[in-house]
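Novice: Pasting a structure below so you can have a look.
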């Protein structure tokens, strides 16, 4: 029943469980009773959670911050769809917050956009902000756009995740994943809660086989970036391009790239050659691979936490993470509205607590 049943899955199934299941396993080792019970595909608030929420959160030392990628929510990750979630705006200062652990990302993005006059659209990354460290595919977009604003923000309030730092804005030429920052509550402060230390980074992580990590950069050219008339081209080489469509998966683009090279269908002049893909061609190749590693259950399930009640000003919502299924006849799912996140409303000051007349009183 419940969590215990999950923990008895065969060994090969463990490899395909998602981040949330590992969170449950880690908590299972921390507590003597289960963190939650899964019933009707819904993770219910457990007695442990209620206990922690009632009177045990005495210091932010008990919080562990985790970056969660939006692609786990089933949002469309192709470049045309993803870029529609971002927009330029002035008058809002950028915010940066750190997080301690995160997921590996299937899709990351890297933008180099200029205005028509040649000036830069995006600010350079401040000192200490490095690219997201674990991306299977990096979608590198170069091009031009009006860029009507000082910074590029996420229209739905999510963060841009960098290397253990999450920012509200996009930095020039710095790889990021879309996500939010969540907090795990521990019964007491634990320094060694995350037992796996960060991998020792080789000089070039993408080529060192010992790192067990491989990343592929896919290049695009954009015109009218950030407008409703944006046009994207997938770059085969500096003179050969393919018109980009939302239905193209990274695996399909890589196969397309290989086909252009081996079949000799590249530009052999000084002019630009642009190909268009036949609408009847199935482009869903490889889409299952990512979701096999991300899936948690075959149906939707919700994760509830008392943290949402600490500084809640809007109606309470649950964060829903769902596996997206694609049939052979379907293209990628349309852009989904991500849940408005209360995670960003949690103040990051220290809690100062004292016991007065037998009651725990905390102030910020």
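A Cβ is built for glycine as well, from the same backbone N, Cα and C atoms used for every other residue.
Reproduced below are the annotations present in Swiss-Prot:
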- 108-135: disulfide bond (DISULFID)
- 121-147: disulfide bond (DISULFID)
- 40: N-linked glycosylation site (CARBOHYD)
- 204: N-linked glycosylation site (CARBOHYD)
- 228: N-linked glycosylation site (CARBOHYD)
- 238: N-linked glycosylation site (CARBOHYD)
- 257: N-linked glycosylation site (CARBOHYD)
- 268: N-linked glycosylation site (CARBOHYD)
- 1-32: signal peptide (SIGNAL)
Novice: Near the Cβ of residue 121 (disulfide bond), how many other Cβ atoms are there if near means within 10 Å?
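Specialist: Around the Cβ of residue 121 (disulfide bond), 24 other Cβ atoms lie within 10 Å.
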Novice: Measure from the CA atom of residue 257 (N-linked glycosylation site) to the CA atom of residue 108 (disulfide bond) and give the result in Å, rounded to a whole number.
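Specialist: The separation of the Cα atoms works out to 19 Å.
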Novice: Restricting to the chain of residue 135 (disulfide bond) and a gap of 6 or more, list residues whose Cβ falls under 8 Å of its Cβ, or answer none.
Specialist: 104, 105, 106, 107, 108, 175, 177, 215
Novice: Between residue 238 (N-linked glycosylation site) and residue 121 (disulfide bond), how far is it from one CA atom to the other, in Å?
Specialist: 22
Novice: How many other Cβ atoms are found within 10 Å of the Cβ atom of residue 238 (N-linked glycosylation site), counting all protein chains shown?
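Specialist: For residue 238 (N-linked glycosylation site), the count of other Cβ atoms within 10 Å is 10.
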Novice: Could you measure between residue 228 (N-linked glycosylation site) and residue 257 (N-linked glycosylation site) for me? Cα positions, answer in whole angstrom.
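Specialist: Just about 27 Å between their Cα atoms.
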Novice: How many other Cβ atoms sit within 10 Å of the Cβ of residue 257 (N-linked glycosylation site)?
Specialist: 18
